[in-house]
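TrEMBL has this to say about the protein:
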- Ser783: active site (ACT_SITE)
- Lys826: active site (ACT_SITE)
- Gly409, Pro410, Pro411, Gly412, Val413, Gly414, Lys415, Thr416: ATP binding site (BINDING)
- 11-256: domain 'Lon N-terminal' (DOMAIN)
- 692-877: domain 'Lon proteolytic' (DOMAIN)
Amino acid sequence: MGESVELPSRLGILPFRNKVLLPGAIIRIRCTSPSSVKLVEQELWQKEEKGLIGILPVRDAAETTSVGPVLSSGLGPDIGDRNPKTQVGVSDAHKIDGKNQQEVIQWHTRGVAARALHLSRGVEKPSGRVTYIVVLEGLCRFNVQELSTRGTYYTARITSLDMTKPEMELVEQDPDFIALSLQFKASAMDLISVLEQKQKTGGRTKVLLETVPVHKLADIFVASFEISFEEQLSMLDSVDVKVRLSKATELVNRHLQSIRVAEKITQKVEGQLSKSQKEFLLRQQMRAIKEELGDNDDDEDDVSALEKKMQSAGMPANIWKHAQRELRRLKKMQPQQPGYNSSRVYLELLADLPWQTASEEHELDLKAAKERLDSDHYGLVKVKQRIIEYLAVRKLKPDARGPVLCFVGPPGVGKTSLASSIASALGRKFVRISLGGVKDEADIRGHRRTYIGSMPGRLIDGLKKVSVCNPVMLLDEIDKTGSDVRGDPASALLEVLDPEQNKTFNDHYLNVPYDLSNVIFVATANKAQPIPPPLLDRMEVIELPGYTPEEKLRIAMRHLIPRVLDQHGLSSAFLRIPEAMVKLIIERYTREAGVRNLERNLASLARAAAVRVAEQEHVVPLSKDVHQISSPLLQSRLGASAEVEMEVISMGDNHEISSDFRINSPLIVDESMLEKVLGPPRFDDKETAERVAAPGISVGLVWTAFGGEVQFVEATSMAGKGDLHLTGQLGDVIKESAQIALTWVRARATDLKLAASKETNLLDGRDVHIHFPAGAIPKDGPSAGVTLVTALVSLFSHTRVRSDTAMTGEMTLRGLVLPVGGVKDKVLAAHRYGIKRVILPERNLKDLVEVPSAVLTSMEILPAKRMEDVLEHAFEGGCPWRQTSRL
């Protein structure tokens, strides 16, 4: 290695793209392109050990300017040492590393002569392409005088840049060179010592340090470092040995310093690393290596993707700091650690929540909103008017904190669909949260992140699903919440429904404040009594008592029948339900406040029709008068004489199919079909008259969660000890009402002509039994007082109560009739049962405004201030005190 190499005047050139081979360095390459294969065959394989080639660095012109002289592709004259930038002619047909030479390429003017230490030849299958694997050793620098082509590869006229032996001896006497040599050797020895301690090797390197000339040793050392292409070119251009030694010393010192810093950090933390920390360190190093190699895929890096998602979530500043702290903690954890998954799920929730994402509300058109409400719901005039008022305020002041609307009414009256219509009118997303049966406060506020299985509350989870911060959120069945040892969900809702507090709603799982003020809350309930008063105070109650038979008829014809037919694959061509039959279904088979049972009965008819259609043999015959039908579908079928195996008809051609296929005749529902499908009628107008056929029976009106109902009260007496027996699964309140009623009747027995004198005891030797059928239904509430008194007076006076009269109201011990609730529901229930007269407390007359006018005109409303007024209206011919009565 110490001897100089005699170079020929011309060498074959192998280009290295963005790579430099220094003298003394050894490199292994694989030649596959036709030009490089031809070069190896001609210059190395055939010449065996005498073969030399030139390694010349090249770069793309788009990169930064070279630190040394370059050759640009083109045509130009010969060059000398004083003209470093040369124009060299290159054919377009030649390629460098498989790339077309049409690309602008810069050739470096200095290269390194190399000889082959090892050659192996191979043939690829199945292409048969010849390849070479060459191990090259750099020998000495040269300068390019002229670059030309020989066949498919390049050759260059060169001059050697190495010093001769006499010139080198003179340089070695230079004091500067001697000082640089000592400095380089000292740095190199330090580096070798550090590497020997780290890798337990280095003996061979020390031998090189003692035997190889120092100016060649500098190239060997630098070639082993990972340095940039610019630094490699700078080292290649350092023809002056003193400059070369100075640069090599600088690079050795820099490499030595980086090794020492890394060792210092490693020694500092090595003693504290646990097994999991070592794994983390290795993973971080692997990640860094992949990033350097360009193999790291951001999409596959879940933590990086999560961090990007969090950055784009738009969190407030204080929450973003909290999220960053959690993210840093997650990065320090290993996936195998117990808390890793829970921490990651929590961060994903923070990233998924719509902190600032809101659905854009379109311009609110009240007329269109009203038309939408009218098309979706029939009747409910007052309710729809209140919704229009609500929307009008939102239009004038979009950020107004409107009241929380709470729709209270029996099942099947359209409470949930009204909330959906509000969302459609506002152009907002709709999310429904069912609170029925919720007894755990964590369902509202979320679980604390202290155990596995914790999760956010239903509110936060609902916002995550709709991905907007301003939806219309329906709190369904808010009266069905309960409380136990796990907390009270209704109390947790106090903060949610208070616009002054829900700006900073704190979910226990989220553990950071979330702004709920942009959410429009709507609640539904079957009855308002179970709702705690503080929660009820935060809502505006809108009652939906139910529908009249006329409203049910219109709802069935407009909405229910088309929907039922569509759900069962039918149309009006298969099944027709006349309006008269719908009236019969309403009168004889349904007496509910809503329309769900009505829809179920209509569905039963549709199923019966579906069976008939499905069993019919000729369901889809063609019309006999085919020539009169100008259907494109028929023309396409009949116009072709060829045999057709199958024809696919798109669903969009229903208007054509309906003209081609139809059953022989549609099924029209009549009374016989009603009884055959739905069974015998469940209700009739004679029920009340039949049940009030004897004294001691009165008709009351009660309110239930399913709307108003008619309640019969039966009283009888028998020999006994003067006891009062009550049956019918009664609550404490109604039992007390019965006791009050009996006391009042006994106290007024003489006035009512039920006893001959005040000393007479009505219950002397007798027991009284009061029964509320049906016994399987629980009953309670303060509205049966007047009904009980009427039944007892009828019993003792042996006078029947009018069968066309029903009553409601509570009474005091002095006989004053008190107002009750649910008047509209009760009046509608009386109307459904065919009752013509209703006795109401006088103070309840103001509630009749809510009753439809069509119902009021068909009924007689009788006000009562005292119990005597009730008795006057309840009996035929007036109160029984006008008659003589005996026990």
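Along the chain as shown, residues are numbered 1 onward.
Using the three backbone atoms N, Cα and C, a Cβ is placed for every residue, glycine included.
The model shown is predicted, which means the values in this text are computed figures rather than measured ones.
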Rounded to the nearest Å, what's the C-alpha distance separating Pro411 (ATP binding site) and Ser783 (active site)? Just drop the number here, would you?
22
Using C-alpha atoms only, work out the spacing between Val413 (ATP binding site) and Lys826 (active site) and round it to an integer in Å.
16
Env. residues of ATP site, Cβ within 8 Å of mean position of Gly409, Pro410, Pro411, Gly412, Val413, Gly414, Lys415, Thr416 Cβ:
Phe407, Thr524, Leu544, Ala593, Gly594
Given a separation of at least six residues and a C-beta threshold under 8 Å, show me what packs close to Ser783 (active site) in the same chain.
Gly700, Leu701, Val702, Trp703, Thr808, Gly809, Glu810, Val820, Gly821, Gly822
Here are some recorded positions: Lys415, Lys826. Which one has the most Cβ atoms within 10 Å of its Cβ?
Lys826
Distance check, please: Cα of Pro410 (ATP binding site) against Cα of Lys826 (active site), rounded to an integer number of angstrom.
12
Other CB atoms within 10 A, centred on Thr416 (ATP binding site):
17
Between Gly414 (ATP binding site) and Lys826 (active site), what C-alpha distance do you get in Å?
19
Distance from Lys826 (active site) back to Gly409 (ATP binding site), taken between C-alpha atoms, in Å:
13
Please compute the mean pLDDT of the model over the domain 'Lon N-terminal' (11-256).
76
Within 10 Å of the Cβ of Gly414 (ATP binding site), how many other Cβ atoms are there?
23
Just the number: how many Å between the Cα atoms of Lys415 (ATP binding site) and Lys826 (active site)?
19
Highest CB neighbour count within 10 A among the binding-site residues Gly409, Pro410, Pro411, Gly412?
Gly409
